[in-house]
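As recorded in TrEMBL, the features of this protein are as follows:
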ACT_SITE  Ser202  active site
ACT_SITE  Asp360  active site
ACT_SITE  His390  active site
DOMAIN    120-279  domain 'Alpha/beta hydrolase fold-3'
DOMAIN    333-393  domain 'Alpha/beta hydrolase fold-3'
Amino acid sequence: MRLLPVVVTVSLTVALAYYVYIPLPDAIQEPWKLMMLDAGFRTTMHLASLKSWLGFDHYITSIRRSSDGFEGMMKGLSSSESGAGGVMPGVKVSDITFAGVPVRVYEPPAGGEGHLRRGLMFFHGGGWALGSAKKGSYDTINQMLSDELNTVVVSVEYRLYPEVHFPVPYLDCLAAAKHFLSPEVQARYAVDPERVAVAGDSAGGNLAAAVAQEISTDDTMSVKFSVQALIYPVLQALDFNTPSYLQNQNIPILYRHLMVRFWLQYLGADLSLQSQLLANNHSSLHLPNITPELRARLDWTVLLPPKHKKNYRPLIVEKGSQGAGKEVPGLLDVRASPLLAGPEVLAKCPRAYILTCEYDVLRDDGLMYARRLQDAGVTVTQEHYDDGFHGCFTFITWPMEFDVGKRALRGYLNWLQNNL
């Protein structure tokens, strides 16, 4: 009988290790930390799905609550570890609205008294369903940027799924951007109208690219963004079989099937279409509305460098499900998929900084967009992290800090310092 506790303990340990362990590329540093982070995220997703199945909260609502609880615990641990927390000295933080859209404004301690400052509008990531402008790493990063670069930062709390679908998040961001770029608001915050950026990560990078395109082509706007900074942006929903989607389909924290689910949620489509999208049946050759010209705008066999094409082959479906394409509203809307914009639109876009990570399903979206912007005559700085993974940009604080995340953040800040 005395062996029973030992057997149970060993069995539980093995089961836990089996659940946590996932094979990762050798280039990823601190693999066990990433595995633990991913295990926590998967557990949260599973529990949220169970609660939803039992008739409690929507699974996204449950994830948000769990994330808030985890963030509160981590903030307490971090404060104990560092002896500090909260707002950086001198940075003024205000929660207000721009054109009816909630925003958090960060004003730096320097400038503003006869000296114009930089301006930056930021859209957070989270699959258009999760995240907040006011919480976690986003709050830390924007405070840091405001302080170090003497910048007025406006972080936008756009509405999310399941409360809304496309195009509402985009329209929230566009309305906030137009308000921020108005001469009256620029003057109020002592922002130099020649030095205003738009930035975002992941789904926020999608929104930043889409808003930058719209503002750039709007002749009624007297002030436009001078630069855009896109952190591993998601830019298209027609091809989920690019080399990066296939290479990294099981790499945390953004799995291929999860990205497809985020797209279906955002576009207000039936989630049962996931398998159709994974097989590219929604973008087959027989669909007349997806013209050869449109397909060329995301042809990775042309747009990607050889080192990223590797030995992959394009998945082109001759005759897929015509219904799948029709049942996904907004699939070809450039406001949802900025990579589909024509060269005449891209040519008017501001200078760009595009950060990509090798072990990220969205890697090729960013690389293709960089190439298309360059082909249109736009100056682009590409920063690629060979040891990076999706989400690393926000993993910069103890206990979930990664060296590649700190390097990515520093690269972003340095580029803005030199280009904005």
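Glycine is treated like the rest: Cβ placed from N, Cα and C.
A distance of 11 Å separates the Cα atom of Ser202 (active site) from that of Asp360 (active site). The Cβ of His390 (active site) lies under 8 Å from the Cβ of Ser202, Tyr232, Asn248, Ile251, Pro252, Ile253, Leu254, Cys357, Tyr359, Asp360, Val361, Leu362, each of these being in the same chain and 6 or more residues away along the sequence. In the predicted model, the domain 'Alpha/beta hydrolase fold-3' (333-393) shows an average pLDDT of 98. When other Cβ atoms within 10 Å of the Cβ of Ser202 (active site) are tallied across all protein chains shown, the result is 28.
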